[in-house]
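K.L.:
Below: one structure in structure tokens.
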Amino acid sequence: MITKQLRSWLAVLVGSSLLALPLSGQAVGKKESRVSELPQDVLLKEISGGFSKVATKATPAVVYIESFPKSQAVTHPSPGRRGPYENPFDYFNDEFFNRFFGLPSQREKPQSKEAVRGTGFLVSPDGYIVTNNHVVEDTGKIHVTLHDGQKYPATVIGLDPKTDLAVIKIKSQNLPYLSFGNSDHLKVGDWAIAIGNPFGLQATVTVGVISAKGRNQLHIADFEDFIQTDAAINPGNSGGPLLNIDGQVIGVNTAIVSGSGGYIGIGFAIPSLMANRIIDQLIRDGQVTRGFLGVTLQPIDAELAACYKLEKVYGALVTDVVKGSPADKAGLKQEDVIIAYNGKEVDSLSMFRNAVSLMNPDTRIVLKVVREGKVIEIPVTVSQAPKEDGMSALQRVGIRVQNLTPETAKKLGIAPETKGILIISVEPGSVAASSGIAPGQLILAVNRQKVSSIEDLNRTLKDSNNENILLMVSQGDVIRFIALKPEE
């Protein structure tokens, strides 16, 4: 299939080159002679040889992972792993979605523990392995099979659900491993090579190109800056490497878009620049420390750009400033538009949010801000992002949430002025599920305190421990109060 495609592509390429020649007999003669010295078959062999070299070099470092959950009711992955559907919650009861990640059907409570199967790759000779968080979260035991068939038990070193990255480790030495390239150097149209274990078919190599960069708002993870590729990524590829033509890791494969579950040419990978920083922290500290500014932001559209007299559509609009935060101390105000930091233009809200999250605490940055039509500079010292104790309390009752952004509200048909926290997944068989809580509902208040952000949630629940949690939940025009007790 690849050979046929390449032959066709090369025929067009060579034909186009000949058509573009000057209409001079001498020039045409020289070009024809050059083409005859380098026929299509030679070009095909060179391209094919490049792919096979990458496959030969990289495949031994790619591993097959089986993760056996602690409990019979496997924690359901966050909704984003299905990609940007018209309704983000359509896929929660889809059978293929469950099979994608080795999960049991939600229509029938599992009677035995089932493994989540995926891919990972070695990043050191002493057994550190990178994969997706959703492959190894809630695990009781992990089995890793190397390319040569050797099997090892693995331990979790660190998890980061916010980027869907994880590091596990096996006890061995002198193992083959992969190195990271720089995803910032990628260009749309560059070759991309994926290696993984789709449907359990180990060491499968697929080839495509970089289709796009900087994909976000897909609801796959909290921090998104995905590489889009048409290299075939299928169920079981999760956690595998996306490589450049030099065999360097440029991304970690994490999701596909597919109405039926099959490959349709749209896959997403976490860029190596983001992944490498997260992985280094997980290996070193077992957890991720993020930078914190303390603002709630809104993306800029054409209408807002005109209202705030911006020269183009860019930047991020400050809608709220957390009291006592670095932003508050520095003097940022509601309706400030952040257009640059440290001289780098803010192309989008997600780009700026990702950049701040990857900063070390105590990093000093200079923000360029548009305030009442004037451009000013504000120095800010980034602090460490607070721990999300409230999130942990909700997770113990089986709920996962995210902030309700204007984009998500619009997609779900929620009034733009609505304040609340969006429920994105509910663990089957959990306390929340048995109480009738479902994805797509909004948490309006917790313990009689109104909440409009995860920061509000954390402040309200920080002292809850194992006490009952009283939620005020809405779905459409229906509002209910639900009392939940976190499991020990």
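Cβ coordinates are placed from backbone N, Cα and C, and glycine is handled just like the others.
I grabbed these lines from Swiss-Prot:
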type     : residues                                                       : note
ACT_SITE : His134                                                         : active site, charge relay system
ACT_SITE : Asp164                                                         : active site, charge relay system
ACT_SITE : Ser238                                                         : active site, charge relay system
BINDING  : Gly236, Asn237, Ser238, Leu293, Gly294, Val295, Thr296, Leu297 : substrate binding site
DOMAIN   : 388-476                                                        : domain 'PDZ 2'
REGION   : 119-280                                                        : region 'Serine protease'
SIGNAL   : 1-20                                                           : signal peptide
K.L.:
Within 10 Å of the Cβ of Leu293 (substrate binding site), how many other Cβ atoms are there?
P.N.:
28
K.L.:
Are there residues of the same chain, six or more positions away from Val295 (substrate binding site), whose CB falls under 8 angstroms from its CB, and which are they?
P.N.:
Val318, Asp320, Val321, Val322, Ser325, Ala327, Leu332
K.L.:
Taking Asp164 (active site, charge relay system) as the reference, which of His134, Gly236, Asn237, Gly294 (the recorded positions) have a CA within 10 A of its CA?
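P.N.:
Cα filter at 10 Å returns His134.
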K.L.:
Looking only at Cβ atoms, how many others are within 10 Å of the one on Gly294 (substrate binding site)?
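P.N.:
There are 23 of them.
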K.L.:
According to DSSP, does Thr296 (substrate binding site) sit in a helix, a strand, or coil?
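P.N.:
Going by the DSSP assignment, Thr296 (substrate binding site) falls within a strand, counted as strand.
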K.L.:
Under DSSP, the domain 'PDZ 2' (388-476) has how many residues in helix, strand and coil?
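P.N.:
Tallied per class, the domain 'PDZ 2' (388-476) gives 27 helix, 25 strand, 37 coil.
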K.L.:
Sorry to bug you, but what's the C-alpha spacing from His134 (active site, charge relay system) to Gly236 (substrate binding site), rounded to the closest Å?
P.N.:
12
K.L.:
Going by DSSP, is His134 (active site, charge relay system) sitting in a helix, a strand, or coil?
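P.N.:
For His134 (active site, charge relay system) - judged by DSSP and reduced to three states - the answer is helix.
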K.L.:
Using a 10 Å radius around its CB, how many other CB atoms surround Leu297 (substrate binding site)?
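P.N.:
Result for Leu297 (substrate binding site): 22 other Cβ atoms within 10 Å.
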K.L.:
Sequence order is fine: just name those recorded positions in Ser238, Leu293, Thr296, Leu297 with a Cα within 10 angstroms of His134 (active site, charge relay system).
P.N.:
Ser238
K.L.:
Please report how many Å separate the Cα atom of Leu297 (substrate binding site) from that of Ser238 (active site, charge relay system), as a whole number.
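P.N.:
That comes out at 31 Å between the alpha carbons.
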